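As written in Swiss-Prot, here are the features:
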type	residues	note
BINDING	Glu49	thiamine diphosphate binding site
BINDING	Asp446, Asn473	Mg(2+) binding site
Amino acid sequence: MTTTATQHFAQLLQKYGIDTVFGIVGIPIVQLADTMVANGIKFIPCRNEQAASYAASAYGYISDKPGVLLIVGGPGLIHALAGIYNSMSNRWPLLVIAGSSSQSDIHKGGFQELDQVSLLSPFLKFTGKLTPDNIDMITQKALNYCIQGTAGVSYIDVPADFIEYEKPLEGNDRTGNELPMILTPNICGPDPSKIKKVVQLILQHKNKNILIVIGKGAVKNSHEIRRLVNTFNLPFLPTPMAKGIVPDSSPLNVSSARSQALKIADIVLVLGARLNWILHFGTSPKWNSESIFIQFDSNPETLGDNNVSPGADLSIWGDIGLSVTALVEELTRQDSCWKYSGVKQEIREKIQLNQTRLLRKEKTRGAQLNYNQVYGTLRPLIDDYRTILVTEGANTMDIARISFPTDAPRRRLDAGTNATMGIGLGYALACKASHPELDVVLIQGDSAFGFSAMEIETAVRCQLALVIVVMNNSGIYHGEKDIEGDLPPTALSKNCRYDLVGKGLGANDFFVNTISELSRCFQQAVQLSRTKRETSVINVIIEPGEQKQIAFAWQNKPRL
């Protein structure tokens, strides 16, 4: 059997289970992209490296295998740093493949010359440059580093002379003989002695306020965490992208009384979440100043970070599923009859009050639509188990977090750890590519829409049927009622016709001003997605909003 270097590399990726690649082609990687397609790998050509990098990044999260990004070198790689950073911060597996100058042109000012290996190696888990002699080793190492330990980013540099190398690799069958073709993350269990100490602490404080905080790092461990919550009747609070790991519909979910739940928590089990800005660094005044945080994580660097409580010494390192199972078994062994009292009465009352307030807001009618009215209309139209909802934008995303509960994991994606704007269409493309059988609904603010609107054409061309809802308040945070004179930095053009942008790019266009129009258009868009694999853009005109000072609401204001 003979094959070229490029063919061998593409075949190797396919044998490792790589089925989808996002990117933008150019010199010298066009031939590599063609070879990937010839070997059964789906290539999704995007319109901008930033959006492509976000798509590949999210694919690594939503599909449970490394996302793969193929781009040109130099400026193409620089444009893709957004998604690389996104995967690093979110701890998602990503393989970046970029073209580079021929070896003979290095240090001569070659075409798009950039020493990409040196640029990236201090920050990524692995970087390597392909030669005809090291294809198997570099590919295996890159993919293995992506998934082992804390998931992250690997980089493979593909010089132009590698792609142009046409000499057959005689008898190159090493993929089946020397290196394993199935890459599985290794996991380890927790320290049994620490599990015993955690159980003793819980039972010693069983009359105190106990809370489980669930992060997206525990997304693979839904079964084990549901068992813990339900067996011992423990209240829980999911972080935004952890919604659905335990059903939001559970009576033990305290999300609707988040602020109060944090303030009264005494013992806090943190499962796969970081004590960062999303959890207010684990400090007062958001939290009870006496709270004891016990962190469970597969990443040892997370343990003890921002944790100044006595629980830092009890942090559990290991696979979260194995650790939670060990906790359940040890709790049962030490006290087989114990069951926590559940959600406190004061929290139940606050949940009821806030849910009533939310429903009242959704039913209050004004001269123009607002976020609450729109979300209250869309919620019953969304089939939870067959829908992935991506939300992006400041108010758009914040209000969506309380308006769209879910009972299934990996059904809610948003700006995440980095609070990144620009992820919306890339994430939506990844979700549809990974799960074509599901509805993918993207709800964006009008500012967020502008970051990657051209990717609508990608969705149309690749038949990645999306339902895109633009919450158009003509501004960032809020619009301006009076557009005369100098406009503030937050202002955008009033009532832009984003629906017509979608139409120009091949999507169905809907322009919405009323609840009845919204209901009809959304249902029509979903049907077009399911039956004809068509993308739709629904431009919803909403009120500009309050003209008030902009503050970091997540950090400074109570949440529902």
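Quick reminder: no glycine exception, Cβ is built from N, Cα and C everywhere.
Put simply, Asp446 (Mg(2+) binding site) is 21 Å from the residue listed as 'thiamine diphosphate binding site' when counted between their Cα atoms. Listed in sequence order, Gly393, Val470, Met471, Asn472, Asn473, Ser474, Gly475, Leu492, Cys496, Tyr498 are the same-chain residues six or more apart from Asp446 (Mg(2+) binding site) with CB atoms under 8 A from its CB. There are 24 other CB atoms within 10 A of the CB of the residue listed as 'thiamine diphosphate binding site', with all protein chains counted.
Asn473 (Mg(2+) binding site) is surrounded by 29 other CB atoms, counting those within 10 A of its CB over all protein chains shown. A helical conformation is recorded for Asp446 (Mg(2+) binding site) in the three-state DSSP classification. In the three-state DSSP assignment, the secondary structure recorded for Asn473 (Mg(2+) binding site) is coil.
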